[in-house]
Amino acid sequence: MAVGADRDGIGGTERAESAGLPAFTLRIPDFPSRAEWDEALAAAIAEHEPDLVVSAGFMKILGPAVLARFGGRIVNTHPALLPSFPGAHAVRDALAYGVKVTGCTVHFVDEGVDTGPVIAQETVTVGWHDDEDSLHERIKQVERRLLVDVVGRLARDGWTTRGRRVSMKCRTCGDGTTGGAAPDGGPSGSPGQTERGELGR
């Protein structure tokens, strides 16, 4: 396990160091190009041989070098119910549209912006008096809890993918899309297993 950041003074890296966990910081301005930063980030992550890469509060689009090494096992969160309201202004866009229910999504990262396969979602009701800040704060509370739960289950029990469908497995439940056998009787296996083979290390 390790924690990485793209700028100094991040609480996550400080907490990791205090707990004796490896931490690293790679700032984009320290590299001649974005592509070289991407290559360095891929190499830094690879040193720790992760089964999962969790992008939590990492507001940078991951480049081809990182995706080539870790595609299919990079987990991200988004403060909306994808595919609705992708991008950096999801909460603002949901309010402007007038939806009554929004929420958060945990998804795998692909080459697009918030377009990867959905792992899990939870809803949050939009109140009449909500503004962007109040709604975002309530979404973040749900988002943090959901991310911890999802990452724990993926790391502990694994997952299965079929096309864009992701099924988290669970040793204590057998409810189809969230545990036991994969949907429609598909294969189940260790972390990162798909119908084509292993994505994990």
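Positions of Cβ are set from backbone N, Cα and C atoms, glycine also.
Annotated in TrEMBL:
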- 176-189: compositional bias 'Gly residues' (COMPBIAS)
- 3-151: domain 'Formyl transferase N-terminal' (DOMAIN)
- 173-201: region 'Disordered' (REGION)
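Each residue of the domain 'Formyl transferase N-terminal' (3-151) gets a DSSP state, and the totals for helix, strand and coil are 59 helix, 30 strand, 60 coil.
Taken together, the residues in the domain 'Formyl transferase N-terminal' (3-151) have a mean pLDDT of 96 on the 0 to 100 scale.
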